[in-house]
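J.: Questions regarding the structure given below will be posed in turn.
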Amino acid sequence: GLADTAKKNFGGGNTAWEEKTLSKYESSEIRLVEIIENLCDSSNFECNNMVEEHEELIEKWWFKLKKKYPDLFKWFCIETIEVCCPAGTYGPDCLACRGGSERPCHGNGHCDGDGTRGGDGSCSCKKEYTGEFCLDCSSGYFSSLRNETHSVCTACHAACKTCTGSSNKDCQDCKEGWIKNESEACQWTLSFPLFPLLSLDIDECNLPEKVCTKENQDCVNTSGSYKCVCSEGFEDKDGTCVQTVKPGK
């Protein structure tokens, strides 16, 4: 919509003509029609039906209210026809999702109704996570990082059914086909080869050269890889770890 038409290129090489024409186009009815046509995906019947139903409102905004309310989505969808909510909120009153509107479900799941006037704000967690706020680890995963702002769950060793760490010595229960040896590590007992099931995990976080190089960022070792997360008290904002602002401040 707006972004797609903002820098429309007329490509004639005549800069003065382009500036004059582009200035007219910027606030023209032609551009408005193009914006309306591109607001919804062609297959989204509900969205297209809503735009058609409220076309006069959009025209009113375009010609009379655009300067006062430059954000069409906020003015039209959230504040005027009240069918949307800001990201990270849900329901008739646009309440914050579980875990807060900045990082719904602590970044480990999806908030039901996020951005809409529906849903109940509950979290559907990624496979590694469980619990109301997606902070706890599912069976087969262990907590490799937990602080006020982040929870990172990492897969257990292939030998472990449940575990407290990344090695076969950290198994609480062994998987079928494995038993605990004299060192309390789960070892393979079946006759076919072990090597297809396991690979040597390198702890990238302990390498001489840092792999997480951004400011206020920590490294968390995972099975076969690693993950860079913001340090405690910081949160990710467009790829930068910025200090978390606590409510009321």
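Glycine is treated like the rest: Cβ placed from N, Cα and C.
Bear in mind that TrEMBL entries carry predicted annotations, made automatically and left uncurated.
Given the structure is predicted, the values throughout are model-derived calculations rather than measurements.
Take a look at what TrEMBL says about it:
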type     : residues      : note
DOMAIN   : 93-135        : domain 'EGF-like'
DISULFID : Cys125-Cys134 : disulfide bond
DOMAIN   : 201-240       : domain 'EGF-like'
J.: Using DSSP, what's the helix, strand and coil tally for the domain 'EGF-like' (201-240)?
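T.: Secondary-structure breakdown of the domain 'EGF-like' (201-240): 3 helix, 17 strand, 20 coil.
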J.: Within 10 angstroms of the C-beta of Cys134 (disulfide bond), what count of other C-beta atoms is obtained when all protein chains are considered?
T.: 25
J.: Under the DSSP assignment, what numbers of helix, strand and coil residues are found in the domain 'EGF-like' (93-135)?
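T.: DSSP composition of the domain 'EGF-like' (93-135): 4 helix, 11 strand, 28 coil.
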J.: What is the number of other Cβ atoms found within 10 Å of the Cβ of Cys125 (disulfide bond)?
T.: 20
